[in-house]
Amino acid sequence: VLSIQVKCYHEIITIGYRVYHSYDLPWFRSLSWYFLLCVNYFFYGETVADYFATFVQRREQLQFLIRYHRFISFALYLTGFCMFVLSLVKKHYRLQFYMFAWTHVTLLITVTQSHLVIQNLFEGMIWFLVPISSVICNDITAYIFGFFFGRTPLIKLSPKKTWEGFIGGFFSTVVFGFIFSYFLAQHQYFVCPVEYNSETNRFVTECEPSELFQMKKYSVPPLLQAVLGWETVNMYPFQMHSIALSTFASLIGPFGGFFASGFKRAFKIKDFADTIPGHGGIMDRFDCQYLMATFVHVYITSFIRGPNPSKLLKQLLILQPEQQLSVYKTLKSHLIEKGILQPSLRG
């Protein structure tokens, strides 16, 4: 994910540098890469603090970096900000501020959304594989349907896109996501959240699968019973969620590609780069994936993810003993008020 992010960032920044190269803006490329380093340091540091809390607690040299992580990140960014101000030269003020904004928008598109991809990965590989495969499936099937049946143009930004391909890609992607989810949901490796085991210093993907990945029986709607001949059907609840993911990948995801097409037209270029022969740059292949990753993260936080006791326990173990005791007393009082514990219970 980091490699793809860096390459996409490089392609977009290079376009800006190539277009305005004649102005010879001071420090532009150096500052662009410096800001990339700062933002990655911030996001990856947040990830380390979130998922490796127990490991960090055992390393005194890391405790300082984690404790003051946001202050260090801000100080690094502030250094770059001051360097930018010092680099301003007469007659190029407007262009320099334009390129400053170019850099920050690129960071928003690439770094922020690639961080969300990593967050999705920690929720379980299935939350990464199904969305990314749905986008790929939609891209392929929309092309096939458009090639054989396409007659009606869809959008001026992409003249080759047709309504027939758009609609055909939608139905194909929904079916693909539904079937693909069925096979992945059967394996713990794909459905279990990725957790770091501090005792073995390894990531583990072993768990009791949640209700999303346990086979359940559903009643078939009366209208479909006559067609299918089934009254009930066994399936994983996640397969229902896969329909939402596939729908977004096929109806909204392509707009990431349309956005990229508009961007390239604005600067009169065919591709972002020539990294992949015949396909353009990495950004040409991942323009829809970033938008999809953001949707998946929002979807998980809105409809799937609940309280995580294990993550909360890790945070409690980091606290000082007197803070842990205070939390214990507060929790005990709350449980007594709820009638879960008896007032006479000592401990």
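Using the three backbone atoms N, Cα and C, a Cβ is placed for every residue, glycine included.
Range 238-260 is the one annotated as transmembrane segment, of 215-237, 238-260 (source: TrEMBL). When each of the listed stretches 27-44, 64-86, 124-150, 162-185, 238-260 is scored by C-beta pairs under 8 angstroms to the transmembrane segment (98-118), 27-44 comes out highest.
Between the transmembrane segment (124-150) and the transmembrane segment (64-86), the number of CB pairs under 8 angstroms, six or more residues apart, is fewer than three, so the stretches are not in contact. When Cβ-Cβ distances under 8 Å to the transmembrane segment (238-260) are tallied for each of 27-44, 64-86, 162-185, the top count falls to 162-185. Counting residues 6+ beyond its ends, the transmembrane segment (27-44) has Cβ neighbours under 8 Å at 2, 6, 9, 13, 17, 69-70, 72-73, 76-77, 80, 83-84, 87, 96, 99, 103-104, 106-107, 111-112, 115 in the same chain.
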